[in-house]
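Annotated in Swiss-Prot:
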- 76, 77, 78, 79, 80, 125, 126, 159, 182, 221, 346, 370: NAD(+) binding site (BINDING)
- 161: active site, N6-AMP-lysine intermediate (ACT_SITE)
- 237-256: region 'Disordered' (REGION)
- 241-253: compositional bias 'Low complexity' (COMPBIAS)
- 467, 470, 486, 492: Zn(2+) binding site (BINDING)
- 781-863: domain 'BRCT' (DOMAIN)
């Protein structure tokens, strides 16, 4: 979000691919994600060898941790990024491509806890792709290798990629004799006793004797259903044990128990997805293709034997159907019974599979399309408490920034102190962060294996008993609550700042340039004020050091005093609409001076480069104007041709805007001015425009507890005016579809309190009415031109913000979708569109511009 405050200077790591970048790589997720941007063709041999050595060591360590110890050290995203980079390095520098490379290994080694057993036939892995382009290249490559006619359909199967553990079941004469882990693909661990406790795995194959082979290897995946996973974690919590981070870890820990009785209690499940060696009555191995024509026939055979198959498998015949499968389960990842991380595509015909063959680790006839990672690992730097707009006091995890599921995550809520304890997290832990779809990021839990050797760096979180903003004693609202609250709703600076942030949100008044920092500057400008003059360093914005150096000690000048405490411009949201530029001129905020390390390196052209690296805060603070510029020269006035405008005497003229203040003159009489920043001007313009908004947005802006945008929309549609809503009783409100007793009581209580003499909520309502804020709905009788239609907006539109475009679609009965799929009816493309426009072209979805969008809103069509 844009903000009226001056943003910190952007500082970068070393240039990707440079020597210092290679040497500074760490085995953390944020560094691993940079590997995707590396152009390996620009590396020299020495650089490639160094990078390969670092990555291969980490990948080997990850393989042992994942496959042998069942205690992953890295997230799937980081592992995939490192493995993918190794493959690209080996392709560009063939001398690195040796049989010992981790890219040629199927999994890990095997542990000493179970007997090592050789698989009758190698248990292979799958190659991964991460984009439609890579998937298309594989698909086209398969057709080319098979010399498949362009006009002929190529049957394939699509299967959800279960996030579990690979298992090889060996049946002899229909009896389960062994269950083996994948291990390194050649040798696995014998966990037969534990496998026998999994109810979905038959100990005897069903069917007449002639239909059962002498020996068969059935490959599949052991997993834990979401319901069973949640029950297991609840049981762990009740017993005081830490919860599992995800179902895969839970399944792994359960399957490899030394005591099968524990495995039996964990309710594991199994789906078959492959076939290995097959021996029939003659006693001789028979190629599967001679007995079963295709992959789907094998699954039919399994079902007859009583072996479970995933109900999500599909048979497809073209690339578009593959995309349909990927898109569907991409949108419904959380709706099926187990965790999944991709879609597996296989050539269905087993004879064609044999023709295509395999590499040393993976078949060429199958590929795994991996969805963007929903889980990554990162460092928990701290836990702070945040006071919300309704007084709820929430612990917030401060994270080492990491990219997950489409965005960078640096903080996430921990809900309450009970939740912190339940998850078993300590400040300093490496933690798992999950972001499924568009939901708020969740801190799942700690990576326990990462604690070893770092115990001294870990500490427990302690929940405060007083409000960190106003020092009011915190309390529970009612018995049994887990959430502490600050009861000082009127005067708590943190609550006021959060309410201002809320009213500026897209779904409220949509004041884009009133961001978080501006809200704090308006309501609590002394936030971060240092406790003593020893930490006050006027004018010091950064402290530059050489690599390895510590900043020199700071000594405050003699006689220096902290400036007087400022009174906030806003003591209530009531006077928001009365703000003028002049009110903001003397608002200053506290900024911490940053420690900047300047690193030097020589680029590929022999030229010395400097890279500025932010090390963190220095503990020294200075003040900066929040909304106005500092004193500066007035700019020269320019004409349409960008030439300086001069007066009749030939002297240059200067640009002094009406809201600027001339504070003096420099050389040649040039005015010295102070003026609002452009962001400030935009913020004030947006505040003025917000007066003319719809009632539903006003209701969101009022921060009524339990009233979010959907409820506000329902209320505005039902009551039409604020006065009518304010007069409604809780009983009347509860009669409205979608308004439950708790919401109805909250709304009625809000307006009852607002009517009390002197109540601050009443003052807000009266002030907004006096300022001309709209208190009625705008859409009565609006034609439902887009009913049942799905519209995606991408890029910047001239006359619509993203939120107002979404609102325009929804008010006409349409669905404003955030992603493009085959169900999308139109994609509206503005300036600088993203990948959604490209995907729309690939899928043949109609693309329209803003003018056509106006027509669409009015008529329901673009003709």
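From the backbone N, Cα and C atoms, a Cβ is placed for every residue, glycine too.
What Swiss-Prot annotates, mapped onto the structure for a quick look.
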| residue | record | Cβ contacts under 8 Å, 6 or more apart |
| --- | --- | --- |
| 76 | NAD(+) binding site | 341, 373, 375 |
| 78 | NAD(+) binding site | 27, 28, 29, 32, 33, 376, 377 |
| 80 | NAD(+) binding site | 128, 130, 370, 373 |
| 161 | active site, N6-AMP-lysine intermediate | 340, 341, 342, 343, 344, 368, 370 |
| 346 | NAD(+) binding site | 156, 157, 159, 295, 353, 365, 366 |
| 467 | Zn(2+) binding site | 387, 393, 473, 474, 486, 488, 492, 494 |
| 470 | Zn(2+) binding site | 486, 488, 491, 492, 493, 494 |
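Sorting the region 'Disordered' (237-256) by DSSP state (H, G, I as helix; E, B as strand; all else coil) yields 11 helix, 0 strand, 9 coil.
The binding-site residues considered are 126, 486, 492; of these, 126 has the fewest other C-beta atoms within 10 angstroms of its C-beta. Sitting within 8 Å of the Cβ centre of 467, 470, 486, 492, and not among those site residues for Zn(2+), are the Cβ atoms of 387, 391, 468, 469, 471, 472, 487, 488, 491, 493, 494, 495.
Reduced to three states, the DSSP call for residue 470 (Zn(2+) binding site) is coil.
Mean pLDDT for the domain 'BRCT' (781-863) in this predicted model: 86. Counting Cβ atoms from all protein chains shown, residue 182 (NAD(+) binding site) has 23 others lying within 10 Å of its own Cβ.
The maximal spread of the NAD(+) binding site, taken as the longest Cα to Cα distance among 76, 77, 78, 79, 80, 125, 126, 159, 182, 221, 346, 370, is 26 Å.
For the recorded site, residue 78 (NAD(+) binding site), the DSSP three-state label reads helix. The DSSP breakdown of the domain 'BRCT' (781-863) into helical (H, G, I), extended (E, B) and coil residues amounts to 28 helix, 16 strand, 39 coil.
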